[in-house]
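Asker: The structure that follows is given in the form of structure tokens.
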Amino acid sequence: MTMGAFREKLIKFMYGRYGIDHLYYALALLCFILLIINSFVHSPVLTIIMWFVFIVMISRTFSKNIYKRRLENERFLNAWYRVKKEWLFTIRRIKEIRTHRYHRCPHCKAMLRLPYKRGKHTVQCPRCNNEFKMRVII
């Protein structure tokens with residue numbers, strides 16, 4: 001069997017199946033991390049978890065229920081983007097710690113980026129125009 005014939009059979013086999021998505025890559029990364037950790041720890045529980053993740057990964061790839069797999073991937077991406085957004089915001093706060101402070105508006109809960117000045121200040125929220133007092137200590 002030539003490589004072209006094998007490729008054609010693989011394409012026919014995968015037709016109508018879900019395939020690979022972002023959740024697949026995340027599970028593959030998790031499986032790889034568990035493999036690395038397990039090479040040092042040698043835990044049978046970790047091995048079982050790793051094989052379970054691997055089986056879920058493969059079964060999602062060959063599944064014909066595309067609608068459910070798409071919903072799973074969508075839920076994963078929503079959770080991932082929330083975590084990523086919080087992480088990037090935390091990094092930004094750390095980078096700007098010498099020049100700016102972040103405070104929430106007590107009325108509309110909007111996050112305000114304020115210049116760093118010690119002492120008591122009156123701040124007006126640009127979203128709801130609510131004025132409130134805040135104090136910058138550090």
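Glycine too: its Cβ is placed from the backbone N, Cα and C atoms.
I grabbed these lines from TrEMBL:
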| type | residues | note |
| --- | --- | --- |
| TRANSMEM | 20-37 | transmembrane segment |
| TRANSMEM | 43-62 | transmembrane segment |
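Have a look at these and tell me how they're positioned relative to everything else.
Answerer: Sequence-distant neighbours of the transmembrane segment (20-37) (same chain, 6+ residues past either end, Cβ-Cβ under 8 Å): 46, 49-50, 53-54, 56-57, 60-61, 69, 72-73, 76-77, 80.
When Cβ-Cβ distances below 8 Å are used as the criterion, the transmembrane segment (43-62) is approached by residues 17-20, 23-24, 27-28, 30-31, 34-35, 37, 69, 72 of the same chain, each at least six residues removed from its ends.
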